[in-house]
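Asker: Dropping a structure here in structure tokens format, bear with me for questions.
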């Protein structure tokens with residue numbers, strides 16, 4: 001599942017040719033530098049983060065402690081985590097996918113064979129149609145519908161409602177998933193990536209602007225690490241599937257949901273939750289790539305994407321390194337396993353958990369908010385080897401949860417990585433926090449833990465500027481913009497040709513007239529001189 005938006009930041013480069021038409025109108029065409037236009041960002045308030053830990057969530061109507069927001073999200077392996085919301089008057093209960101990789105709040109508004117219920121806007125007395133069509137394509141799937149507004153309540157926040165923008169989905173393709181149990185998507189990103197444009201206020205912005213809830217939320221997703229069920233793993237239309245749980249804390253943190261110290265990565269920009277990755281290690285060995293490659297063209301934290309996705313070159317490097325660690329113990333792993341096209345199923349003679357022992361830990365180093373430092377997320381094999389069930393052969397199998405990014409989508413720290421940690425989206429202070437999760441560890445019960453992973457290290461010094469690892473999107477190449485530039489250049493050339501012809505004609509005519517004038521004068525002088533020579537000499 002991959003529901004983050006596929007687009008990079010929109011950066012429009014207007015070459016000098018594009019302004020030539022204006023130059024013609026003012027009779028002068030001058031060579032000009034290219035100009036870069038970006039959408040300005042909205043800056044949040046600077047507040048003390050410590051005040052939010054364990055504090056009651058203050059709203060217009062009720063006080064809700066973050067400790068009361070435990071186990072309020074559910075999910076299915078590979079199908080995402082969802083939270084219950086009430087929409088409209090009278091309230092209609094729906095489950096919505098929690099997605100930090102997009103910014104639209106959208107729910108099904110018509111029947112679909114993959115969902116059991118949908119939003120009936122005509123039955124809500126508080127629904128307001130905005131008269132705007134919206135379409136959102138994802139890397140996987142898309143939906144379209146009508147933009148409107150209605151009252152929304154989050155069940156775990158108590159009797160608290162606010163007005164939110166809602167897209168009523170009327171058409172979709174590869175979006176709703178069988179057995180997922182959710183009927184919509186809750187985009188928690190920033191306004192800059194909202195569709196159809198940034199004027200659509202996102203859900204969390206509406207929540208914090210209409211209440212006194214602080215601009216922060218946290219996710220604890222207890223998926224792979226808490227899973228102990230040996231059968232019916234993953235999704236299937238053939239029968240019941242395993243359900244996983246978690247917590248979404250809105251307005252503060254619950255200190256009982258994490259161990260140790262929280263480490264923070266600064267938000268590079270406010271669109272996706274973009275951070276900077278400084279290195280990747282397999283076991284104890286660095287991939288040794290230029291750090292810019294890890295972040296081409298961005299690195300985001302996205303709960304709506306299942307896998308760890310990496311730029312193609314990085315994916316190839318990490319896959320080769322993992323293969324080198326596992327080949328000695330597991331030489332028969334099918335090649336299609338590494339591309340996600342096939343499952344790896346242990347033989348009858350091996351423990352269903354044995355592969356965890358032969359696969360290495362992964363370490364993702366992230367830029368720290370401490371100047372000149374980074375910190376590490378140590379990822380267990382139990383996170384990136386997703387358990388699945390082969391219903392045909394009745395076997396417990398594994399799926400490789402690392403995949404290459406498509407269409408320059410960059411690196412995506414998806415759900416399989418987030419499931420090992422308590423992840424804080426501190427929008428007020430423009431940072432993302434990570435701490436070790438208190439989710440019950442299934443590996444401890446089954447004896448499949450590898451080292452102490454997953455874990456998070458203290459911040460450590462680095463001898464380079466981590467900001468230099470970020471990808472410079474101002475140089476991004478956009479074929480559509482390039483074609484537009486060429487078209488404008490052609491129009492400019494067509495407009496300039498008459499001007500050039502006119503200028504040349506004018507200069508030629510001017511010179512010709514000058515030459516004719518000088519020719520008459522010179523001829524007259526010659527005639528006068530000739531007459532003087534022919535006159536008789538009057539001197540004696």
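Glycine residues also receive a Cβ, built from the backbone N, Cα and C atoms like all the rest.
For reference, Swiss-Prot lists these features for the protein:
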| type | residues | note |
| --- | --- | --- |
| SIGNAL | 1-31 | signal peptide |
| ACT_SITE | 99 | active site |
| DISULFID | 222-439 | disulfide bond |
| DISULFID | 291-469 | disulfide bond |
| ACT_SITE | 302 | active site |
| DISULFID | 345-397 | disulfide bond |
| TOPO_DOM | 504-540 | topological domain 'Cytoplasmic' |
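Provide an account of the burial state, proximal residues and distances for the features listed.
Answerer: Listed in sequence order, 244, 245, 246, 419, 437, 439, 440 are the same-chain residues six or more apart from residue 222 (disulfide bond) with CB atoms under 8 A from its CB.
Every protein chain shown contributes to the tally, and the Cβ of residue 291 (disulfide bond) ends up with 19 other Cβ atoms within 10 Å.
DSSP assigns residue 302 (active site) to coil in the three-state reduction, outside any helix or strand.
In the three-state DSSP scheme, residue 345 (disulfide bond) is classed as coil. A simple way to gauge crowding: the CB of residue 345 (disulfide bond) has 19 other CB atoms within 10 angstroms, across all the protein chains here.
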Asker: Taking all residues of the topological domain 'Cytoplasmic' (504-540) together, what is their mean pLDDT?
Answerer: 55
Asker: Considering only the recorded positions 291, 302, 345, 397, 469, which fall within 10 Å of residue 99 (active site) when distances are taken between Cα atoms?
Answerer: 302
Asker: Please report how many Å separate the Cα atom of residue 469 (disulfide bond) from that of residue 302 (active site), as a whole number.
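Answerer: Counting only the Cα atoms, the answer is 20 Å.
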Asker: On the three-state reduction of DSSP, what should I expect for residue 439 (disulfide bond)?
Answerer: coil
